[in-house]
Amino acid sequence: MSKQFVRSAKNMMKGYSSTQVLVRDATANDSRTPSIDTLDDLAQRSYDSVDFFEIMDMLDKRLNDKGKYWRHVAKSLTVLDYLVRFGSENCVLWCRENFYVIKTLREFRHENESGFDEGQIIRVKAKELVSLLNDEERLREERSMNTRNRRANRAARPRPRRQRTRSNPHDSSPSYQDDLEKALEESRITAQEDEQRRRELAQYDDEDPDFQAALQLSKEEEELKQLQELQRLQKQQQSLSQFQAPLQQQQPQQQPAYYDIFGNPISQDEYLQYQYQQDQEQAMAQQRWLDQQQEQQQLAEQQYFQQQQQAAAAASALQQQQTAANMQQQQQQPADFQQPLPTGSNNPFSMDNLERQKQEQQHAQLQRQQEEARQQQEQLKLQQLQRQQQEEAQLHQKRQEEAQLQQQQAQLLQQQAQFQQQQPLKQTRTGNQSISDKYSDLNTLLATGTGIDTFGNTGEARIPAQHTKTGTFINSQGTGYKQVTNEPKNNPFLSNQYTGLPSTNIVPTQTGYGFGNQPQSPPTNSPQQNPTGISYSQPQQQQQPQQQPQYMQNFQQQQPQYAQNFQQQPQYTQNYQQQPQYIQPHQQQQQQQQQQQQQQGYTPDQGVSLIDL
């Protein structure tokens, strides 16, 4: 009575409306359960927008209350479940918007001072409401059926008025009598509604979802009352046991209450049987796990042993293939090891047959992989052998070609040497024939060593003698190297004196465009070249000694004319200066040619060109 007074005072002080007061009374923190009339009244008021917001605001506060006010949470879930089933559609929408709040309550826990968990009933209600909200088809069917039932109830009775008048109960005025009659009439109508509802529920089949939901709610309320009664009795026994005698303390204490996973109280035997079943299932699961681990380990060992055998077989096959690669014959593959025949049950659904099938499949797969690996290795080896054979053939062919080239080169060199030995060196003309013919007399004069130079010198004082003395001087062109021979001279005038160039057999040199580098022939005297009719060729052996003074006299008379003609030819000096110099390889080649000519007995021309000047 005191709690109701305090609650009424709070309602007046905080200015709660009639709807909010009704929600607070339905979710009060006491052992009473909300009545069906109160829940139906809240469901009717949920169709009004103002009352709907007031109801949901108060329920939201109750659902988020502290753990010690667990009754607020449990009764709020009961009211909310009834509104979802019998209230307006806005109640369903609000629950879906605040779905996380209801889902969180599935883990609600609160233990009292004695260690008892008070959150069991809250968890059960929250799970039931969450499953109902998730199943839209079931929710739609329940709401449609409840709507038809509510309309039938409204047609059966008129709705009473909610006019409330404040009057003194001890007043004997007519208004008090009217209120009393109205209250009696309302109680009678409520009793009739309850009776009619019980009759309707009795007519429902046990499989009706609405009937099952209502029955579940009534069971939960009854269980909640029983739990509360048990807790009260436990507290009383604990308080009495503290003041009992030692003999009474030795008596066995009351056994604790046991509950199943749904929060329903069960006996100790049922609880022990449930625990035994759980332990047995856990032991069976653990045994199955151990069996699976052993099977996996055995399978791994078998696979490892098979891999070792396959590796050994592959090594032996590789050796055989290497030895038979040259013969190019296909070798037989090593036979597989004989597997033990399985024995046991013929049941196709037994675990042994399934494991055996798995092992056979794995073994067949491993054999296919090994066969593919062997084929790939054989192909690679054949390719390598083909490459080696091709490389060896290419090397052999290259060696044969090189040997043939060397043999051909040796034959060519031998033929060239034989050809050079068979054919003597031919005289080549390197000068200008017209110039040589024009100045043949001067060339002959200089070659014989008689006469004087342009400066009037005679004998060894002649300028050409300093540059054309063979055997003692070598010019830049190589003239004079090993040109002195021991053959007898035909000139009788060179036996006692040395006037210019000695009469030696000189090898003709190919020195460019200088005159005098052509085969020397006795000059033909013409009236134009020699008006005196005297020949200036080399004196022959048949000439008489008494003719020498006349020859010298005639030569001295004609000397100025020859010197003048020689001075008028600057072109020959330029040609001589422009001649390229031979390098050492050319000199060596010339020396070899001279030696070959001397061995063959070839006598070169004794003429000397003007370029030697």
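Numbering starts at 1 and runs along the chain as displayed.
Positions of Cβ are set from backbone N, Cα and C atoms, glycine also.
What Swiss-Prot records for 11-143 is domain 'ENTH'.
According to Swiss-Prot, the region 'Disordered' annotation covers 140-208 (among others).
Summarising the annotation, Swiss-Prot assigns phosphothreonine to THR165 (among others) and lists a large-scale study or a structure entry as the type of evidence.
Annotation source Swiss-Prot lists phosphoserine at SER167 (among others), citing a large-scale study or a structure entry.
Taken from Swiss-Prot, the feature domain 'UIM 1' covers 175-194, and the record attributes it to sequence analysis. For the domain 'UIM 1' (175-194), the number of residues in each DSSP class (helix H, G, I; strand E, B; coil) is 20 helix, 0 strand, 0 coil.
Taken from Swiss-Prot, the feature compositional bias 'Basic and acidic residues' covers 179-188.
According to Swiss-Prot, the feature domain 'UIM 2' maps to 206-225, an assignment based on sequence analysis.
For 323-351 (among others), the entry in Swiss-Prot reads region 'Disordered'.
The compositional bias 'Low complexity' annotation in Swiss-Prot covers 323-339 (among others).
Annotated compositional bias 'Polar residues' per Swiss-Prot: 340-350 (among others), in sequence order.
What Swiss-Prot lists as region 'Disordered' is 356-375 (among others).
Annotation source Swiss-Prot lists ubiquitin cross-link at LYS426, citing a large-scale study or a structure entry.
Residues or ranges marked as phosphothreonine by Swiss-Prot: THR430 (among others).
For SER434 (phosphoserine), applying a Cβ distance below 8 Å and a minimum sequence separation of six or more within one chain yields no residues. In the three-state DSSP assignment, the secondary structure recorded for SER434 (phosphoserine) is helix. Look at Swiss-Prot and you will find SER434 (among others) tagged as phosphoserine, backed by a large-scale study or a structure entry.
The phosphothreonine annotation in Swiss-Prot covers THR450 (among others).
According to Swiss-Prot, the phosphothreonine annotation covers THR468 (among others), on the basis of a large-scale study or a structure entry.
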Residue counts (helix, strand, coil, in that order) that DSSP gives for the domain 'ENTH' (11-143): 99 helix, 2 strand, 32 coil
